Amino acid sequence: MSFGNWKPTVVVQGILWILYGLLLQPEPGTATLPLLMDSVIQALAELEQKVPATEAGHSVAAWLLSAQGSGTHSPLHHFLLEGKCLNITELDPPSLSPELRGLMGEVARHSMQDGKEYGVVLAPDGSTVAVEPLLAGLWAGLQGHRIVNLSLESTATPPDAGVTFPDLGDTSPGLSNASPDVTSVDVGAVSPNVSTKYLDVGATSPEVRPGSPEVQASSPDTKAKLPTAVDSLLVVTLAGDLGLNFLQGPQTWNHSGLGAEGCWDQLSVPRTFTLMDPEASPLTTAFLNGALDGVLLGDYLSRTPEPRPALSHLLSQYYGAGVAGDPGFRSNFRRHNGAALTSAPTLTQQVWGALILLQRLEPAHPHLQGMSQEELAQVATHATKEFTEAFLGCPAIHPRCRWGAAPYQGLPTPLKLPLGFLYVHHTYLPAPPCTSFERCAADMRSMQRFHQQTRGWADIGYSFVVGSDGYVYEGRGWHWVGAHTLGHNSRGFGVAFIGNYTAVLPSEAALRAVRDELPRCAIRAGLLRPDYALLGHRQLVRTECPGDLLFNLLRTWPRFDKNVKPRTARRASSISKRRPPPTILLSTDLQ
């Protein structure tokens, strides 16, 4: 078979199986590249150079099946991703560098052992991403034929016994097409590169309303219909693992350990990632990040006509400035875009359908054997509810270790939770909003140095700090008294926007995090009272913080306490006005 006769998809599948053999046998003692997303992109670019130039844009999804072909992998992946590739013509394996082989051997399979998480890399936005679900999404998106009809009347054959594949749809519709009873509503501002054609719910409202994911995923009066099809993209990235994680029983539904974070041994050349909770669920933040990235990019690829972009280029854009020049379609906003892409009812159907399919593929599965459809539906409902409420609808918070925090000086004072107030600040200095992880992390370290070394405080004063990069940064956090609002530090959380907001406003993503996501998730976790009040710093301390324009906006927010009048800020003397701005980055009038 000549190169000229190959179709792009066939080439991709062929390289996948070549890599399978290479990746399962990495050279022992091989020095690998740093565990960075940039290293993954570099490796994918090298792979693309090993195939004909006309097919380079389709070569890279190949990485995935290196680990997924082993017998211990989920039958869902084998059935939905691999089975159609078994009879293709083999290609001569390209000559791969030892560094590339070593890297692929490390990241191709996601796992957890002894408190460490493997198969994850550090992305430029500061997030940690599991590579396996990311590449599963790319692979499913490149296949294009995503909708798998469930023939419930027949009995499935185990995948290793010769599977007859279900009918596959001929098109690549939006994610919600697997649930035909979905209607459409407006979900607000979403990146134009994220498909919203089939949405039936928004996931960003600050309150729980009829029609929100919180209600639709958990309402006992909702009569779920038996799934008739599954979307292979959603199943191999997210829905299958969600269902499997919640199969243990009701005891895991309220304490699932979903979205556990961790710390890298170093940020410049990361090698080891240690989980903060050694007993965490396999659905860590890194795994869910990779799954969401796989869903979003897979959906984008499935809707992109030939010739598709080189995947190394696509990933560079997604983990950089944005896909196709769209700053809203990048990894920083994966949770918001993920909520816009599929609704809670649709995801519930997909989780349920994934469990049905797995039950047929693996009849002897210890947690699925003998389970009724009603029980599977209940698992799917609670899994979706936990995911949408505890992860998708919450802000992404970078832990202290991620931005390089110095240790707390002394012993912290614990807060008596839940608290009743949220105090809003701006940092004033640094004045420019930070729009990248590198800049925001540097600003955090600078403020902490000023608070500790110049002010003599035990730590950075704020509970949390919000950048304009789509992330919240942990300061003193949920459990320790801060130094942000003099005389009120033990009564509320202090949240600061990085920047000077006297005459401009923070980004919409930053505003949404403080207005909607952070308090909603704090209430759910029992950290903030449901009747909490929101106050600007100037209402309690003589200061101009949080800036005139931002404070005027706060007045329009539902939880703003209008009964507390602002205190007049001390006017600076004419001498102080003539002084040049301080060279140390600081936050004024905090404690």
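In case you wondered, yes, glycine gets a Cβ from its N, Cα and C as well.
Unlike curated entries, TrEMBL annotations are predicted automatically.
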TrEMBL annotation (region 'Disordered') - matching range among 161-187, 323-349: 161-187
Averaged pLDDT, computed only over the residues in the domain 'Peptidoglycan recognition protein family' (395-541): 97
DSSP helix/strand/coil residue counts for the domain 'N-acetylmuramoyl-L-alanine amidase' (408-547): 38 helix, 31 strand, 71 coil
